[in-house]
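For reference, the structure is listed below as structure tokens.
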Amino acid sequence: MATENGPDKSVYETLSLIFNFPDDTQRLWWHSTAPMLAEMLQTCEYSVHNQYQQLGIFKKHIIPYLGVYPTKSKERWLSILTRYGIPFELSLNCSDSVVRYTYEPINEATGTEKDPYNTLAILDSAQELIRIQAGIDLEWFTYFKDELTVNMTESEYLRSNGLVNCQIKTQNKLALDLKGDQFTLKVYMYPELKSVATGKSLHELIFGSVRRLSLKYNSIRAPLDMLDDYVTSRNMGANGEEHLPLEPRLLSCDLMDPHKSRVKIYLHERKVSLSAMEDLWTLGGRRTDSTTMDGLNMVRELWDLLEIPTCLQKYPAPFLELGQIPREQLPSMANYTLHHGDPMPEPQVYFTVFGMNDSKVISALTEFFKRRVWNGMARKYRAFLQNSYPNDDHESLNYLHTYISFSYRKNKPYLSVYLHTFESGSWPIFPDSSTAFKTYRRCDLSCKDNGLDDKLLSPVCQLRV
């Protein structure tokens with residue numbers, strides 16, 4: 001809404017004028033990521049009050065745990081959360097218009113002798129969130145952290161013996177689902193280093209930890225047994241490229257009352273194909289009910305719309321450099337939710353679209369939204385991304401979308417997108433701010449008024465590829 005003094009400032013712009021930051025690192029994190037978060041909240045029609053609330057929580061309680069602001073010249077902790085090692089990622093539940101973000105908590109001790117493998121920062125971050133959100137329960141967090149991440153003795157053993165080279169160093173991360181002015185919290189655990197330290201396989205660590213938990217919470221035992229049987233039978237039948245083993249990769253759970261919390265086990269599938277996705281969806285033919293088949297038809301529909309190349313992939317290593325244009329394809333993935341009292345694990349499959357043309361991905365998603373009569377999302381989705389990255393050539397970008405997840409329960413489809421979240425909005429804000437992702441920057445754009453002091457702006461046309 002415009003006034004006689006000009007257009008109203010956005011929530012992000014207003015907060016940017018009000019907020020003080022303790023250092024340049026937090027200021028840069030805010031201006032690099034908050035524009036896209038604000039745009040997503042607005043797209044999903046969060047009330048103005050809730051937009052202010054959620055952006056305030058992000059600034060005060062999340063940004064201080066993102067660590068060194070990533071640049072090409074600074075040494076930093078590399079997070080498995082993104083291919084660029086950036087420890088923050090926005091995602092959007094398109095079916096319910098729910099905003100979500102995930103981050104790997106990082107502090108000053110991360111990567112030092114005090115905490116070489118970032119075991120401890122998450123403890124402080126979780127405690128800070130408990131103080132502002134009712135209903136967070138750490139029982140399962142504490143249990144799985146002990147089971148799946150290294151303790152100080154194991155950390156010293158790994159460090160002193162030089163056993164950590166190219167393994168995933170990330171051990172844990174947190175995710176917030178934003179519900180009005182509240183949020184729910186989830187934790188993810190990667191036991192790669194625990195496997196090295198203990199000599200136990202990832203399968204033994206992940207499935208074993210859940211099996212021991214089921215001694216107390218027997219209501220998750222049946223779906224665990226079903227999933228374990230599927231993975232074991234798949235792996236026993238592995239015989240080369242046609243039938244590849246499934247590799248457990250990580251585990252997540254809701255940080256709430258354990259009787260309401262869900263455990264999710266994530267499996268890594270190297271074969272990228274529709275047949276592999278069908279096998280993941282049906283647990284090798286174990287799920288054959290009508291709901292499963294209805295969901296499978298939509299999986300096939302998405303596969304056809306997205307046109308993902310069929311291939312055999314390992315997870316690439318090492319990380320991509322900031323600003324590097326991906327020339328790669330990621331392997332597939334699925335997670336399985338173990339619901340209390342439900343004997344059948346619930347699948348969620350991931351379409352790996354990182355490295356594919358983002359404009360084509362948007363077109364495919366928009367068509368899927370239209371077919372589901374998600375008219376608001378169909379109308380707004382492309383504009384949301386264009387507004388989040390207004391200075392980029394969106395016909396050329398191929399790194400905004402990382403994954404598209406799909407599940408189907410109670411006769412309803414659920415689709416989420418996982419998005420590159422860095423240097424969004426009218427970046428660069430400050431004349432001396434570096435820009436890593438500039439290959440597809442458009443140099444024909446003049447600076448737009450972003451509500452900040454004009455002296456802080458740097459014209460986009462000054463960027464050089």
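Backbone N, Cα and C atoms are what each Cβ position is placed from, and that goes for glycine too.
Just one of Arg249, Arg262, Arg270, Arg286 is listed by Swiss-Prot for the same L-tryptophan site as Ile80, Leu81, Glu89, Tyr190, and that one is Arg249. Among Arg76, Arg100, Arg131, the residue that Swiss-Prot places alongside Lys186, Tyr188, Arg262, Lys264, Tyr266, Gln348, Tyr350, Tyr414, Tyr418 at the substrate binding site is Arg100. In this entry, substrate is bound by Arg100, Lys186, Tyr188, Arg262, Lys264, Tyr266, Gln348, Tyr350, Tyr414, Tyr418, whose most widely separated C-alpha atoms sit 21 angstrom apart. Ranked by CA distance from Leu81 (L-tryptophan binding site), the binding-site residues Arg100, Tyr188, Lys264, Gln348, Tyr414 have Tyr188 at the top as the closest. Using CA atoms as reference points, the binding-site residues Ile80, Glu89, Tyr190, Arg249 were checked against Tyr414 (substrate binding site), and the closest is Glu89.
Compared over the binding-site residues Tyr188, Tyr414, the count of CB atoms lying within 10 A of a residue's CB peaks at Tyr188.
The subset of binding-site residues (Ile80, Glu89, Arg249) lying with their Cα within 10 Å of the Cα of Arg100 (substrate binding site) consists of Glu89, given in sequence order.
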